[in-house]
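Below is one structure; the comments refer to it alone.
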Amino acid sequence: MEIAPQEAPPVPGADGDIEEAPAEAGSPSPASPPADGRLKAAAKRVTFPSDEDIVSGAVEPKDPWRHAQNVTVDEVIGAYKQACQKLNCRQIPKLLRQLQEFTDLGHRLDCLDLKGEKLDYKTCEALEEVFKRLQFKVVDLEQTNLDEDGASALFDMIEYYESATHLNISFNKHIGTRGWQAAAHMMRKTSCLQYLDARNTPLLDHSAPFVARALRIRSSLAVLHLENASLSGRPLMLLATALKMNMNLRELYLADNKLNGLQDSAQLGNLLKFNCSLQILDLRNNHVLDSGLAYICEGLKEQRKGLVTLVLWNNQLTHTGMAFLGMTLPHTQSLETLNLGHNPIGNEGVRHLKNGLISNRSVLRLGLASTKLTCEGAVAVAEFIAESPRLLRLDLRENEIKTGGLMALSLALKVNHSLLRLDLDREPKKEAVKSFIETQKALLAEIQNGCKRNLVLAREREEKEQPPQLSASMPETTATEPQPDDEPAAGVQNGAPSPAPSPDSDSDSDSDGEEEEEEEGERDETPCPALVPPTDSLGPGDRSPPGSPSTPTEQRISVSSPGRGHKVFVVTRVESPPERAEPPASPTPPSPPPPPSPPASPSLPPAGAIDTRDTGSSEPQPPPEPPRSGPPLPNGLKPEFALALPPEPPPGPEVKGGSCGLEHELSCSKNEKELEELLLEASQESGQETL
């Protein structure tokens, strides 16, 4: 029995009907389908409507600030209270008081301070009625007990409404992974956010990738505080890797993170090799150690420009690490502030550091507070002071510097005309001979007078050369009149977290926070004091542009206020021509500053300083030569840092040798014999103390 073949079912089109191709003009239509019962593929046609017919309509995105047009304080307060009633949450009295005090609502308001308020999810949701109507420079959410839900909601609002340029989320330990994920999205999407303070807010392994991705791709952040954020290990590795490609971040604070001297320090050193835009790196209260400092120095050595401030306060550094740093300093061209306080460096470490500092061309501030220095170390520091025509601030507090060391420092200040602040302990040290106590007081007064003399000269030159910029003085020159009972100089912030001013600091220590000083032009929005924590470094500095015109007798130094980084001060130092008669030279056009690498011999001190080097010492001092061989250190550290220590000199005549070196440097043509006798007595006293 034969079964007749059945026709294939029709092929439905897009609308469920049979789609037949229209017959082409002039060609006969097929009389019957193919034998297999299917339509030919070539017979199908697909058509689309014209571009004008595709889009039937368009809706513009909602304007985030549509509620902020001609808004009044009463409207904001009413909307906030209504939202609290709708969400059945409590109103924040602190917020209501601030809202009532606001006047000009058309611009960014200074600060929204919610510090210490407990913010749950519903309370955060009610805040949207404020954020959709008002924008702020600073939003302070410190210690507000945020959880994942509340943090996510707040960060989404701040990102959508661009509510803040400076945000403080410190001391919120429970924002969790979702909170950090929302924070990372805010960092990536908010172009106005410049400052983020996340101190004591843990950034753990599962949250770090979100923040790292935000910092690597697109981030407008210029300042990032991550103190005590549990970064050691994988979080720091992700963060450092991302920051290699970040060109916007200027300040990075990583204190109290238990960073170690191997993997963590290697990541930081690698970061410095590739990132030349980072200006401040604060590593205080970590465990960098000498091995970690070697990695950091290796990164610094490869920088042509970049880091301006390096804070290594309390990192268990010894004289071994100072050998690495002494090799690196001649090669650094931008480092202006170096804080080594509270490290057991000792006299030997300062000797290793001295030659590098003398060959350096950029360091303006040096912190050596509580570094176990004695008179011997003070003599080495005095040699550097006598050679340096650019050092502005020096901190030597909490060291056992007695009569001999003070005498060396006093003599060095006689030939130095740049040092404006020298911090020493106010009370004299105990001496075996009671008469030396009075000698110490007299020497402290001489040192104080020397700094005041330099300060007055700098102020006079600034007023003479730059009358339009009278208010933009350096922090060292902000005091109106030196007080007779002040310490030897204004206090240099030494890097230790200090909730209250120490008794060793005077009114000049806080002068950089006064309102009469001009703000830096690039930052016209200054955060309120509730957000900006005190930075205890010696202070970031902003160097003058390399192409700025300068003459052989005039040098302009631009430095920032210590601890802020938001204010800039300018001082002009004019060097008078030598007293001896010279034939008139033809005027020369301004020349760019000489390249600092390889380092040449230090330039002559300013007017009044006497060149005491003999003809044999006029040649450039070469930097210490790296060792020829040595086993490499782990993590790819160069072998030259492994054997950087110079040979150990004999212990006997070492003290006198250092003192004699200073004696030769400070000898003057007029009172040479008198200075030699005074310095010889100081060296003998310091030698007796060390025995």
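Please read every residue number as a count from 1 along the shown chain.
Backbone N, Cα and C atoms are what each Cβ position is placed from, and that goes for glycine too.
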Swiss-Prot annotation of region 'Disordered' - which of the ranges 1-43, 44-86, 388-430 it falls on: 1-43
Candidate annotated in Swiss-Prot as phosphoserine, out of Ser498, Ser561, Ser597: Ser561
Rounded mean pLDDT for the residues that make up the repeat 'LRR 5' (334-354): 95
Counts by DSSP class (helix H/G/I, strand E/B, coil) across the repeat 'LRR 4' (306-326): 8 helix, 3 strand, 10 coil
Distance [Cα-Cα, Å, rounded] between Ser50 (phosphoserine) and Ser56 (phosphoserine): 11
Counts by DSSP class (helix H/G/I, strand E/B, coil) across the repeat 'LRR 1' (220-240): 7 helix, 3 strand, 11 coil
Neighbour count (Cβ, 10 Å) for Ser50 (phosphoserine): 6
